[in-house]
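J.: Features from Swiss-Prot:
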{"type": "REGION", "residues": "1-154", "note": "region 'Disordered'"}
{"type": "COMPBIAS", "residues": "67-79", "note": "compositional bias 'Polar residues'"}
{"type": "CARBOHYD", "residues": "Asn79", "note": "N-linked glycosylation site"}
{"type": "COMPBIAS", "residues": "100-117", "note": "compositional bias 'Low complexity'"}
{"type": "COMPBIAS", "residues": "135-150", "note": "compositional bias 'Polar residues'"}
{"type": "TRANSMEM", "residues": "444-464", "note": "transmembrane segment"}
{"type": "TRANSMEM", "residues": "543-563", "note": "transmembrane segment"}
{"type": "TRANSMEM", "residues": "573-593", "note": "transmembrane segment"}
{"type": "TRANSMEM", "residues": "619-639", "note": "transmembrane segment"}
{"type": "TRANSMEM", "residues": "654-674", "note": "transmembrane segment"}
{"type": "TRANSMEM", "residues": "700-720", "note": "transmembrane segment"}
{"type": "TRANSMEM", "residues": "729-749", "note": "transmembrane segment"}
{"type": "TRANSMEM", "residues": "828-848", "note": "transmembrane segment"}
{"type": "TRANSMEM", "residues": "875-895", "note": "transmembrane segment"}
Amino acid sequence: MDPRYGAQPQQHPHPHRTPSPGQPLQQGYQLDDNPFDDGRYGQYGPSQQHLAMPSGPDQHRLPTPSDHLNLNAAQSVDNLSGYGPPGDYAVNPEAHHDAYYNQPYEPRPQQQPYDQGYDQEYDQPYDDHRPMLQHQPSDAPSEPYQDQPQQGGGIKRWKTVKQVLLYRGNLVLDCPVPPVLLQQNPHGERDEFTHMRYSAATCDPNDFYDHDFTLRQRLFTKPRHTELFIVVTMYNEDDILFARTMTGVFKNIEYMCNRPNSKTWGKDAWKKIVVCVVSDGRSKINPRTKALLAGMGVYQEGIAKQQVNGKDVTAHIYEYTTQTHLQIKNDVVQLVHRRQPVQMLFCLKEKNAKKINSHRWFFTAFGRVLDPNICVLLDAGTRPGGSSIYHLWKAFDLEPMCGGACGEIKAMLGTGGKYLLNPLVAAQNFEYKMSNILDKPLESAFGFISVLPGAFSAYRYVALQNDKNGKGPLEKYFLGETLHGGSDAGLFESNMYLAEDRILCFELVTKRNCHWILQYVKSATGETDVPDTVTELVLQRRRWLNGSFFAAIYAIVHFLDFLRSDHTFLRKFAFFIEFIFNTINMIFAWFAIGNFFLVFKILTTSLGDDTLLGRTGEILGVVFTWLYGVFLITCFVLSLGNRPAGSGRLYTAMCWFWAIIMIYLLFAAIFIAVKAIIADVNDANGFNFADIFKNKVFYMLIISVMSTFGIWLIASLIMLDPWHMATSLVQYMLLTPTFTNVLNVYAFCNTHDVSWGTKGDDKVEKLPSVNTKDGTGKTDLPDEGDLNAQYQRELAVFAQKHVEVKTTPTPSQLQEKQMDYYRGVRTGVVLIWMVSNFGLAALVLSSAGLDRISPNKDKDHEAEQLSRSNIYMSIVLWSVAGLSAFKFIGAMWFLVVRMFRGV
């Protein structure tokens, strides 16, 4: 933390944050009333008067002394001495047009108490129920507010030139929200509802605080403590995806505000929550999404600037406390007014710099100013459950050592599960479910989750901080931004940081002299849409597989880093067991393509035995073997030279072929096992039911496979979530060869591609600039009529259902950057992978002679081959069953702990 934090003499009975939110302060805060007061956040003198704004119909909100917010706008220099009577605004809004803008708030070097410049009555303790100002009833007689103010002085709209004051070169404007929006929501004279605050950041995120930028929460008479800091990162998501996420966030905030008996939450819980939306590139944001933000009052067109005093603006920051929520009806987003207030922070980055840069703005720029307790990460399109964010927070509240947590990611299945009709969606649904039933609970039981998904996870802010030497989790996390920004980086590191969230988890748990753990919170759910076409799935899994594979290698190689942590010996031993388990899984993942071919070859060849299919089985075995080779080679050729988007039909055809292969393999396994049982039944020595389990073929094929399925079913039933076994198991089984062959082949053949797939043209419309002399400059700002007209235009953008318009790709999007070095290393990785897998197949099929499985026990010369075949098949199939059993044990322990923990 910055050494200037906490420099103010201690005036609070609890001058420091408690070690854990599990022991909340009596006042309900985990932080001082003024933890950052070093004089940088002084208040204005008594000459600053407040601008009275028209109250909303029928009701208004009463501000409290602690909620007093200084007007923080760029005012006309002609009105610096003060404003006219506040009440005149309601009579003629145009007459006080300039009064919207007053001196921009900026920190002062000297230290000042919070009550400076106010009446002496504020020296007494804060009373949230005592109004700061004498409010007039909203239904008091007054002239109705006019949406179309009178034209004044021949000034052209959108060309209202204002002189603004800058402090140390920072442009900060407090802009009035459109009157038509203001009339829809209750408000008083508190300008967090009546004004939108714009800051033009001209610095790197790491320098945001040092360059004297601040945020609204620090400007109140009693700075608001941020308990929950929620970030929604987006690129070019449309209004439906954005509204889906924001709807879930708003429901969570309402849920926390409706917990009157909570020590932390309650009626004013929204004051402790800040929702940050970071959009990756001004040229990339979806126009409908931008219009939606404008409809909420968070964004205004025509305010942003390109440069300030010759310095390029890196991010446009809009702050507003909105009372306008969203709802989706018939694929159209609608605004819902008069809802729970939500503190919004919208950061529109000037250039596209990828998601990791968006997180750097969130953590290092805004997080340093607000110093939140818990940070929640969401992707636009992920919809959290109605109380999921609360349950994530509760996990930190109950466990002081919890440094990070994640919930259950669900596949979006549509109304009545209609998306399950798509086999790809059903297969991914099964994947997600089993991961949340077996994998995540196992890792949570050990205390180390290999990846907290960036789409829906949470971290304790203090746990992420670097040490005094600048080393720590965030330092390692943001290293990936420079690696992908053009600096010299090896292929290993570049691919590893495709899964930068895995690196963050590892560095958090192994943090020096700390003992943070990671937890899975089953009661917290997040719903996301999954790829519904083969090409989208291939592109998504390329980054997932490569990133997770190289990150797993990084974790295994750096396992000794756990020794630098402050974990107990028992916890470190548990980590050791978990890493052995992860190493075994990684070995199986490396040899997955070889193992699948061996199982295929052994089963199909065995069907050619005279006691099985005979000549028909031999012919089918040869045909399927040739087709297997052709389609596998096709996978390599497509992966090495073609874009999936241009080869969609071929990839779809391969999915169908591998599904047919899987059907044939399932038939072979069942048919061979049944024939083996029949042979035992017809044995001349008589039949005993126990002999079935002594039959090696039945024991190897049926028991091992069914034990895996049985574990899946039992675990799903115990978790009270078994429906995917009925709706998605068959699709998952049929697409398993596609996951093994198509996705793995494409991922390894494209290890040279270290992009997120979001590169593009950064050309964007130029914005006006501001140049100042002696801290004073001129800029164009809209008047009230402009605000209303602009607001209506923004509403019209998303009023109708979106119609997809096909656009011609730009030349820059069609060109591929030449990466000879990466492609050379890619070739080496693919060759090693292919040779090792083919070597395994050759060893088993040629050297060991394990090319047949036959239930016929009369041929003595095949006894040795059968024995060795059983050995190999037993190792493969029972290893799968054993790994599933290990996950099952971990999941059961997770349930036992969860019964006592409560979340």
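Cβ atoms here come from the backbone N, Cα and C positions, even for glycine.
Remember, it's a predicted structure, so these values are computed and weren't measured experimentally.
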J.: Sequence gap of 6 or more, Cβ distance under 8 Å, 3 or more pairs: do the transmembrane segment (619-639) and the transmembrane segment (543-563) meet that?
T.: no
J.: Under 8 angstroms, Cβ to Cβ: which one of 654-674, 700-720, 729-749 has the largest number of such pairs with the transmembrane segment (543-563)?
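T.: It is 729-749, which has the most Cβ pairs under 8 Å.
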J.: Which residues of the same chain, at least 6 past either end of the transmembrane segment (654-674), have a Cβ under 8 Å from a Cβ in it?
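T.: Distant Cβ neighbours of the transmembrane segment (654-674) are 534, 599-600, 603-604, 606-607, 612-613, 620, 624, 627-628, 631, 634-635, 697-698, 701-702, 705, 733-738, 741-742, 853, 855.
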J.: Restricting to the same chain and to residues at least six past its boundaries, which positions have a Cβ under 8 Å from a Cβ of the transmembrane segment (444-464)?
T.: 17, 229, 233, 355, 363, 367, 371-379, 382, 384, 388-389, 392-393, 395-396, 402-407, 409, 472-474, 477, 499, 501-502, 504-506, 508-509, 511, 514, 516-520, 524, 526, 528, 548, 551-552, 555, 571, 574-575, 577-578, 582, 890-891, 893-894, 897
J.: Going along the chain, which residues at least six beyond the ends of the transmembrane segment (875-895) come within the CB cut-off of under 8 Å?
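T.: Beyond its ends, the transmembrane segment (875-895) has Cβ neighbours at 437-439, 441-446, 520, 581, 584-585, 588, 595, 598-599, 700-701, 704-705, 707-708, 711-712, 714-715, 718-719.
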